[in-house]
Amino acid sequence: MTSPSTSKNHRCLNLISKCKSLQNLKQIHAQIITIGLSHHTYPLSKLLHLSSTVCLSYALSILRQIPNPSVFLYNTLISSIVSNHNSTQTHLAFSLYDQILSSRSNFVRPNEFTYPSLFKASGFDAQWHRHGRALHAHVLKFLEPVNHDRFVQAALVGFYANCGKLREARSLFERIREPDLATWNTLLAAYANSEEIDSDEEVLLLFMRMQVRPNELSLVALIKSCANLGEFVRGVWAHVYVLKNNLTLNQFVGTSLIDLYSKCGCLSFARKVFDEMSQRDVSCYNAMIRGLAVHGFGQEGIELYKSLISQGLVPDSATFVVTISACSHSGLVDEGLQIFNSMKAVYGIEPKVEHYGCLVDLLGRSGRLEEAEECIKKMPVKPNATLWRSFLGSSQTHGDFERGEIALKHLLGLEFENSGNYVLLSNIYAGVNRWTDVEKTRELMKDHRVNKSPGISTLN
């Protein structure tokens, strides 16, 4: 199969990119066959690429009709499938890879251009993670070390990062002589989104080591970790860097800055960032409403929620969590109930346990404990520890011993190894002079082999 220069310049090839329907595509395909370009790699690769976006089954049929297709054509179709169909057609990408492996031609073998797309596909969903690990072994088997170029290495880093395997991702990253910006960003984002201990500290350390100029994605990871750590000064530095280097204050950078300033107690700075953003998505509104909620500005949070809707945006599941929470922190019970009821009735969003948790907190904080308890009994999902802990707090605040005891017993059932729950129960019993129950609680701790963490002081 050849690829002469004439095959690249024929006028019909310019029409391929303009095809918008399967009918147009078939007409161009017929013309390619008629003028004798059906055995040339370049026009076939363009045809495969576009047909995979218009009609994937037609693209696969084209490949089947090609006698002895080259690995370049296989790579083209694999890459296009992964780029245009995300996880929905991952099985087809791996099916094509299997065809490469089973080819009898000595010229059809996987190369350094085969694997990056497949590693990307492997990271889409947990069911494909084992395939990605197998691909790693194939890289070592089929590619010479000299062909382990930075694109393959970067794809490996991305795969393990997407799987949450930060140790493996970091080990592979350290072997890359000169990581490009995309690879740096991949690892930074993986650490920033991880719940592992010290992952945010790793983001700060990695950022200081960067050998390339950071962009907006780099700064989002840095600002997010600064927010989690309360690193206000470094977060402000990142904001200044964005402004001085004329980077875009897009939705991602803006949302991370709003979260940073809100968590550090600088709500006016957060609002200034929000107001200065030229484009705001639902996540931006959610971050700002969350900040207002935490600082007790529930009415302002509701106004922002209404503004979101008036702008033509559709609230998502997280929007209702932060907005009902804003109502809860400000005692706006009726408004919170109205917003909760609109979730399913207006927007078709089925409430989850976190929404019911906000509702229980809303009712409990206002002293409507009977309604909160009734809500727990009727909710269609199983209450979690966070919900029971909220109900416990409200019961203690309003002096309802019986409901507090119920909440704690449920907490013990969910977190029997948490010594704090036993201490709380013991304190409740001690507060009403039920010393026999205090002793029983301590015996229960011994039976479950739960040790109370000793108190410490940081004062010298």
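Each residue, glycine too, has its Cβ placed from N, Cα and C.
Quick caveat, the model's predicted, so the values are computed rather than measured.
Database features (Swiss-Prot):
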type	residues	note
REPEAT	70-107	repeat 'PPR 1'
REPEAT	111-142	repeat 'PPR 2'
REPEAT	149-179	repeat 'PPR 3'
REPEAT	180-214	repeat 'PPR 4'
REPEAT	215-249	repeat 'PPR 5'
REPEAT	250-280	repeat 'PPR 6'
REPEAT	281-315	repeat 'PPR 7'
REPEAT	316-351	repeat 'PPR 8'
REPEAT	352-382	repeat 'PPR 9'
REGION	387-460	region 'Type E motif'
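Secondary structure of the repeat 'PPR 7' (281-315) per DSSP, as helix, strand and coil residue counts: 26 helix, 0 strand, 9 coil. For the repeat 'PPR 9' (352-382), the DSSP counts in helix, strand and coil order read 23 helix, 0 strand, 8 coil.
The average pLDDT computed over the repeat 'PPR 1' (70-107) stands at 90. For the repeat 'PPR 6' (250-280), the list of distant contacts is 216-217, 219-220, 223-224, 226-228, 230, 232, 235, 239, 242, 287-288, 290-292, 294-295, 297, 311: same-chain residues at least six beyond its ends, Cβ to Cβ under 8 Å.
With a threshold of 8 Å between CB atoms, the same-chain residues lying at least 6 positions outside the repeat 'PPR 1' (70-107) that come near it are 1, 41, 44-45, 48-49, 52-53, 56, 59-60, 63, 113-114, 117-118, 120-122, 124-125, 128, 131. Helix, strand and coil counts under DSSP for the region 'Type E motif' (387-460) come to 51 helix, 0 strand, 23 coil.
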